[in-house]
């Protein structure tokens, strides 16, 4: 039995979908604990591409139960579209379960999200416009609509009539937008409720029952560490907690049941939206990374900003999440480069900085300090063991492991399941001790 959290160690889009899909083969249950339709993951199986936003990656395994946990925010229309997409490809959805305490994204959330972002002007955050922030804001303000409310028509009518009238004042007076018709919204969401009713459960209880039965449970994170509301590049963050601790809160389980935490990071760095990005590349190499890596957001379609690997934020992710091991993805994207740079520290106001600064204005002033490594200029997409890799590629991985102070358990070399090197068992491998504590440098594995 193992309970494992998979999180993003950068700004999201690290390839968590593929890694979770791979690990789901050994999982009895996959749990999505936070975020909403602002996060997307792409899975390629036998040439078929699945792009999902809410449904966990494990849904493609017929015997794996999938939970959309209480920390998520659910757009019923999008969720039903995903269900229809999967069913259209012959994928069973009978093992999907939705937390009754998850919050629901409403039409006014989307309107307010877009209007607020537009009103910010130069101070915009770069949101997806899907209503995620306003949904979480209502949750904190304690006026949110939860899935359990959808299941009770009388409660839903009472709550929505009051809430929509309240939101209409803001839409009209602050943003000069047309007010919503409460009865139209109520009718729409009552229809969604009936379609989703068979999937709704007490998710915390269901997860706990699986823990007591010593099942293998995979907790699938959305977005990435540097987008965390408390520990990310605030204010250019999401509205939830994508770090490992957030998986426990958003699933309704205690931290003592977690056995391992796996961090997923690209072999380079990308970011979507606004905010500081010290290693960002604006020229030919940045374009090459974007083209070879197909760096366009699953949710928004926006081009991702690309840059060199940032070891400073990598070490920060290891610390904040207590990572036991790493999965490095898209190594093959670097195949054509003659040399590769890695950020090992920052220069901040004339001083060397080895740690991530929590102040956004300081982070924006950070200049990367690079070490340059030789490239390999040969294809790695068909490599299936470390021995298959060109020596410079292997040395690059060793450098990243030592820089981040965490062993590498998985190396991904393409979108397909088989384009993967399993270095060590990522689920049942050893717990990570404090690396370097005994004076010994970390290598690719803990051996």
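Placed from the backbone N, Cα and C atoms, the Cβ positions cover glycine too.
Taken straight from Swiss-Prot:
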- 12-18, 40-42, 304, 330-332, 412-414: GTP binding site (BINDING)
- 13, 40: Mg(2+) binding site (BINDING)
- 13, 14, 15, 16, 38, 39, 40, 41, 128, 142, 223, 238, 302: IMP binding site (BINDING)
- 13: active site, proton acceptor (ACT_SITE)
- 41: active site, proton donor (ACT_SITE)
- 298, 299, 300, 301, 302, 303, 304: substrate binding site (BINDING)
Q) Does DSSP put residue 18 (GTP binding site) in a helix, in a strand, or in coil? A) helix
Q: Starting from each candidate's C-beta and looking 10 angstroms out, tell me which of the binding-site residues 12, 15 has the most other C-beta atoms.
A: 12
Q. Cα distance, residue 41 (active site, proton donor) to residue 331 (GTP binding site), nearest Å?
A. 18
Q) In the structure shown, with every protein chain counted, which of the binding-site residues 38, 128 has the densest set of Cβ atoms within 10 angstroms of its Cβ? A) 38
Q. Between the binding-site residues 303, 413, where is the Cβ count within 10 Å the lowest?
A. 303
Q: Would you count the other C-beta atoms found within 10 angstroms of the C-beta of residue 41 (active site, proton donor) for me?
A: 25
Q. Out of 18, 304, which of the binding-site residues has the smallest number of neighbouring Cβ atoms within 10 Å?
A. 304
(Q) Given the binding-site residues 38, 302, 303, tell me which ones have a C-alpha lying within 10 Å of the C-alpha of residue 13 (Mg(2+) binding site). (A) none
Q) Max Cα-Cα distance in Å among 13, 14, 15, 16, 38, 39, 40, 41, 128, 142, 223, 238, 302, the residues listed as binding IMP? A) 34
Q) Any idea which of the binding-site residues 42, 223 has the thinnest Cβ neighbourhood at 10 Å? A) 42
Q: Indicate the candidate from 13, 40, 301, 331 with the smallest number of other Cβ atoms within 10 Å of its Cβ, considering only these binding-site residues.
A: 301
Q: May I ask for the distance between residue 303 (substrate binding site) and residue 128 (IMP binding site), taken between their Cα atoms and rounded to an integer number of Å?
A: 13
